[in-house]
Amino acid sequence: MGRRKRRPGSRRWLDEHHSDHWVQQAQKAGYRSRAAFKLLEIQEKDRLIRPGMTVVDLGAAPGGWCQVAAELVGDRGAVFALDILPMEALPGVHVIQGDFTEEAPLQALLQALEGRPVDLVLSDMAPNLSGVRVVDQPRAMYLAELALDFAGQVLQPGGDFLTKVFHGEGLDDYRRDLQRQFSKVITRKPRASRARSRESYLLARGFGL
């Protein structure tokens, strides 16, 4: 999600970013962000996206995950993307700009879906990180909880949910909540995640089964 971008004055981050293997690979492959390779690795292991599926991507900008999802669902599928930041159009992707914590963008997304059952909800949302864990962790968990609430509204039985989480307070309870609603919950830490990052991804499969 765009809100997590670092300040331009972070020289170290800029140097690391431009020399980063996954950034370079994304540029070569035509992906908008290194995050595309996180989803591709999870896809390789878990085969969560298939042709013809309906996918919702929360925290989508700049669109790396949308590119991967649109390629995999093909012409018979559909991808719906939401982010607080503007995002350039992508073929096969319906883009909505807005803050997911507010009601109006959520309603716009639900209206765009037109009641169609969703096969997969993706969430790469993260707050602006202050570097103060006691501040950042509750904000991150709040976004993960909102994404789960949304998934519970739109997923069809047997649907899947993939969300970014950060290790810290509230994560164990959140995982237990997933286990109550889904038949299987798996933790993934893609190689394209930065080594020093506390982020990982929870893949919850089999909604309501």
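Cβ atoms are placed via backbone N, Cα and C, with glycine included.
In the three-state DSSP classification, K164 (active site, proton acceptor) falls within a strand. Marked as active site, proton acceptor by Swiss-Prot: K164.
Among the features that Swiss-Prot reports, S-adenosyl-L-methionine binding site is placed at G63, W65, D83, D99, D124. DSSP classifies G63 (S-adenosyl-L-methionine binding site) as coil under the three-state reduction. Spatially close to G63 (S-adenosyl-L-methionine binding site) yet at least six residues away along the chain are R32, S33, A81, M87, E88, L90, V93, judged by Cβ distances under 8 angstroms.
Between the two most distant C-alpha atoms of the annotated S-adenosyl-L-methionine binders (G63, W65, D83, D99, D124) there are 18 Å. Here nothing among the binding-site residues W65, D83, D99 falls inside 10 Å of the CA of K164 (active site, proton acceptor). The Cβ neighbour count for W65 (S-adenosyl-L-methionine binding site), using a 10 Å radius over every protein chain in view, is 29. For the recorded site, D124 (S-adenosyl-L-methionine binding site), the DSSP three-state label reads coil.
Taking a C-beta cut-off of under 8 Å and a sequence gap of six or more, D99 (S-adenosyl-L-methionine binding site) has these contacts in its own chain: I84, P105.
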